[in-house]
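Colleague: According to TrEMBL, the feature transmembrane segment maps to B:12-32, B:82-105, B:117-137, B:157-175, B:187-206, B:222-240, B:247-271, B:277-297, B:309-331.
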Amino acid sequence: MIIQAICFYLFAAITIASAVMVISARNPVHSVLFLILAFFNAAALFILLGAEFLGMILIVVYLGAVTVLFLFVVMMLDINVAELRQGFLQYLPIGGLIGLILLAELVLVLGSWVITPEAQAVARAPIPPIDEVSNTAALGNVLYTDYIYLFQASGIVLLVAMVGAIVLTLRSREGVRRQSIRTQNLRSREQSVEIKKVQSGSGV
Amino acid sequence: MAELWQGYIWPTIFIVLQIVAVLVPLLLAVAYTTYAERKIIGAMQLRRGPNVVGPFGLLQPIADGVKLLFKETILPAGANRVVFIAAPIITFVLSLVAWAVIPFGEGMVIADINVGILYLFAISSLGVYGIIMAGWASNSKYPFLGALRSAAQMVSYEVSMGFVIITVVVCAGSLNLSEIVEAQRTVWFAIPLLPMFVIFFVSILAETNRTPFDLPEGEAELVAGYFVEYSSMTFALFFLGEYANMLLLSGMTSILFLGGWLPVLGFAPFTWIPGPIWLALKIALVMFVFIWVRATLPRYRYDQLMRLGWKVFLPFSLFWVVLTAGVLIAFDWVPN
């Protein structure tokens, strides 16, 4: 138990410290690198909770794909740090307000568990107890059996968002020569090579 | 006091010993992979390969290692020091930690976790950070271009790799690597899932930046890609990390498709050979194909590489996931 507590405080402390560094680092690339560290430690916290599936998915999705593209974009952009600093105070009230709302919501959720223990029972538990079934299977049961329609609906929302993003950025430019793999593969020797006997001195 | 020894210290010592027992052979294997690569490519190109240091040149990798160790580490003036140093360390560490979940035989695994395959996938998808950090921190054009190419390439091929893994997991009915191997007792997954096996192999070539997808280090355009500015031990860490990664992905191929530690045929002369040796043989076979491909194929063009990943592999593997799931449901073969 002691080791678990030590690990928890270690990971939690690193998560919070790197989260603070994300918004206070001077270099935007360093910010993203600290974000990676924060995600990684959050995944470790999930694993400590026994939710190893969520921890791994956090790493695969956020670190393996999202943050790579994020880092990619931040590296390509020429961000002027001094200019960004000027907006800091301007956005502070809105950011602070959002943070406060989130905090209040968390307090409400956790507080209701403490005040009325019955509320905790409402939070859906996987039907077989957690020590009989791995949490991957438990999650799958809840997600694909109990809430399948909501799951499908969120899938459609994401699909619409993806189509929208593609429509917004897709433009067909004139005068671009694209390679057509099909026509290339269908090309025969007769169409592309011609052998001619050239009389010396006369040209083709 | 006795409880402290029982509960904490002995397990720690035991785990450390297990880690050493995995890492020492692994690093030796990495060193001799470079030797094998030079010898095999030499033979394919009618050359001799290394043959001066030691008998048959067998001490060449050790000589190379010692040479790299004693060279001077050069930090470029414009480099971002911390990230520059951290990048090779991250690459190397990531290529080693993934071995924690690889089962070498029945029960012979450091951490037999429930989500082993996801852990492997997660660690291999983190590998891109070492490269992209190296390219950015060098503050130089060629490494940066190499890193961008590599990041785009690794992210693209990871998607189809994910679908291949899903197919295997659906067939095996578990995310645990030992159980995936056990599920192949009747038939190796390479046979019913042959197209996925091919896609997986091509994807791991792209994932490890090997020929024909070695554009991130294309020497003709980018000098050496993301590690142009690295020297001595920092370079060696990249090199070791890259080869350890190749071995890791070969191991993953063996476990997912070639039956891991299981013998080729389940009767007497084959079952006498212990599991770890079977796994090593299968890894060696996949590594040989890696090297064979390098000696044989020319480099892909970058747009064709992207086309292959997104327009060929992704739709095909998606289709195959649906097909496999459909077949399993239709014939009631779903593993519980």
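Positions of Cβ are set from backbone N, Cα and C atoms, glycine also.
TrEMBL entries are annotated by machine, without manual review.
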Colleague: Taking contact to mean 3 or more CB pairs closer than 8 A (sequence separation of 6 or more), are the transmembrane segment (B:222-240) and the transmembrane segment (B:82-105) in contact?
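Modeller: Yes, since the transmembrane segment (B:222-240) and the transmembrane segment (B:82-105) share at least 3 Cβ pairs closer than 8 Å, they count as touching.
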Colleague: Please indicate, using numbers and ranges, the residues of the same chain that are 6 or more beyond the transmembrane segment (B:277-297) and have a C-beta under 8 Å from a C-beta there.
Modeller: 33, 36-37, 40-41, 44-45, 104-105, 201, 205, 210-212, 246-247, 250-251, 253-255, 258-264
Colleague: Is it true that the transmembrane segment (B:247-271) and the transmembrane segment (B:187-206) have 3 or more CB pairs under 8 Å, sequence gap of 6 or more?
Modeller: yes
Colleague: Any contact between the transmembrane segment (B:157-175) and the transmembrane segment (B:82-105)? By contact I mean 3+ C-beta pairs closer than 8 Å, pairs at least 6 apart along the chain.
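Modeller: Between the transmembrane segment (B:82-105) and the transmembrane segment (B:157-175), which are separate recorded stretches, there is no contact, as judged by 3 or more close Cβ pairs.
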Colleague: So which of B:117-137, B:187-206, B:309-331 is most in touch with the transmembrane segment (B:82-105), counting Cβ pairs under 8 Å?
Modeller: B:117-137
Colleague: Which residues of the same chain, at least 6 past either end of the transmembrane segment (B:309-331), have a Cβ under 8 Å from a Cβ in it?
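Modeller: Result: 153, 156-157, 159-160, 163-164, 166-167, 170-171, 193, 195-196, 199, 202-203, 206.
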